Every structure is written in structure tokens, then in C-alpha cells.
Amino acid sequence: RIMRPDDANIAGNVHGGTILKMIEEAGAIISTRHCNSQAGEPSVAALARVERTDFLSPMCIGEVANVSAEITYTSRHSVEVQVNVMSENILTGAKKLTNKATLWYVPLSLKNVNKVLEVPPIQYARKEQEDEGKKRYEEQKLDRLETKQRNGDVMLPVINPEPHTVGYSQSSLIHLVGPSDCTLLGFVHGGVTMKLMDEVAGIVAARHCKTNIVTASVDAINFHEKIKKGCVITVSGRMTFTSNKSMEIEVFVDADPFVDEPRERYRAVSAFFTYVSLSKEGKPLPVPQLLTETEDEKRRFEEGKGRYLQTKAKRQAQMQQAAQQ
């Protein structure tokens, strides 16, 4: 579809959350189709995880987004989907790849939302494809478990914070989950949640550097628990790490079940977003150094630095491998 002004920021760059929402919609369609391709209990595919996705090139107002999806692996109860996003300038015909993403879905029964159904297997062209897919499945399963175990953090307000501190830029958004946010099962679309998360992360980044900012990448997004229609969700974001030209922002979503649910607030989704600061000409600008004050902030900064260095090393290795080919 064509990108409109309400899809973009004040500089004309399309919001990362808008693109993430389109990616999730494509994944949900193809996964639900596949899970209902054989006779059996009808189901709807629910998003469980989004692997790291890089925003390779900015998309602008007036360009057309072409989103394509392909199922690349199935386990007994999950589906792996690869999604590509191409942007097209309809005036010149020029096309470029803007995003590549990997998403995992599970089929939930239409009759019993807590029942996970079996997934019809796919045919692989080579045995190696199945083995590689199984390896990816085991890795994401382990990472999801580790992420859920460290999800006890809360974000507290800071009175009169100093500029460039964590408390100065941290932000929250409160949203009542309505019918238009939900799937057929009455739970929030993963794409709706991701768009809200990107919005909060963008506010944090803009508050920190006071410039135009764009989403550079999103680390793995883990959907720990479903969010039901009628819940009030709180989307919270805080700066964890800054390099010379990038900012890492931790974003988590907590859900408060208010309607027919005596349950306490729970952590539903968590992820790390990376942003870069741009000039009016679209060139990268230096990012102000994050000032850490507490021991927890210093610990999170070092953890973010570790993720940054790991990603940088992986990118350099890929570039060297491409150059050798």
C-alpha cells in the first residue's frame, strides 16, 4: 500500500511501527492460511516472537510498500515466517529492500483460545533446510525462556531529572484495548502492540537527542502472554545504552485485566529498539552520551554495550564474507 502522511514522522520518514504492523499482518495471514490448510479444528495464528529486524533503508511518504511472506519452517506447534518489505518509488519505478524479518506464530483454537493446535508440516526442498529451521526453532525457544525470566523490572517516575539521564527521556503510553485492536479470538494483534512500542521508543529517543530520529533495528520482540480485549496496557520505554551514533531503548508492555478478570497486572511483551539521530538532510548525527546514575542503570548500560558490540561484530563478519564471495 502507499505510504500516507499519517504513516510518517514530521520529516517524512515512515514510522518503524507502521512497517512492523504491515510485517505482522502478512505473517498472520500466511500462518493462519497454512494452519487451516488441512481438515481439522479451525484456528487463528497468534504472534509469539519477532526475531531481530533491521531497517535497511528509510521509507518515505508517497512510496509504495510491497510486503511478501513465506513459511520457512514448521514445528509441531509453531510456524516460522520470513517477511520481506520492498519500497517502490512509483514516479521513477526504483525499488529497494527496506526490511527482512523472521516471525514465529502458534495456532490457537477458535473454540478454546487456550488450546494450541498442531501445525500441518511443510515440504522442504532439501533436508538441510529442515535441519537449519529446527536449529533456529531451538535457539528462539531458549531465548524466549531467558527473556521471560528477567522481566521483573518496573519503571518509576523521576522528579526533576537532569537532561540526558534515563529519567529525563523515559516515557509511557496507556491504551485501552478495543475491538479494532483485536483478532477474531479477542486478543490484541501483535502488529498493534509493536506499533505502540515503536511510538514510545521514538518519544524516548527524540527526548534524549532533540532531533529527527528513525528506527534502525529492533531486537527480538517476545510476546510472553496474550492481551485480552478490555485490558488497559501500559507501554513503557527507557534509554539503556548510547553509542556515538545510536540509542538502545528498552520497551515493555504491561497489561491490567479490568473486565471479568480478577488477575493482577502482568508483563506481556518486551523488546529493545535501536534508533539513530538524523539531520534535516538525512545524515547521521552524534548522539548525546547517556548519563547513568544508579547501579541498575549502569548495569543495563553495560548489557546494552554488550549487545551493541555483538551486533557490530556480526555485521562486520557478514560484510567480510560478502566481500570474499
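Placed from the backbone N, Cα and C atoms, the Cβ positions cover glycine too.
Quick caveat, the model's predicted, so the values are computed rather than measured.
Looking at 134-165, 294-325, the range tied to region 'Disordered' in TrEMBL is 294-325. Here the domain 'HotDog ACOT-type' (1-111) returns a mean pLDDT of 94 for the predicted model. Neighbour counts of Cβ atoms within 10 Å were taken for the active-site residues Asn9, Asp198; the minimum is at Asn9. The two recorded residues, Asn9 (active site) and Asp198 (active site), show a Cα separation of 12 Å. Secondary structure of the domain 'HotDog ACOT-type' (167-281), assigned with DSSP and counted as helix (H, G, I), strand (E, B) and coil, comes to 26 helix, 54 strand, 35 coil.
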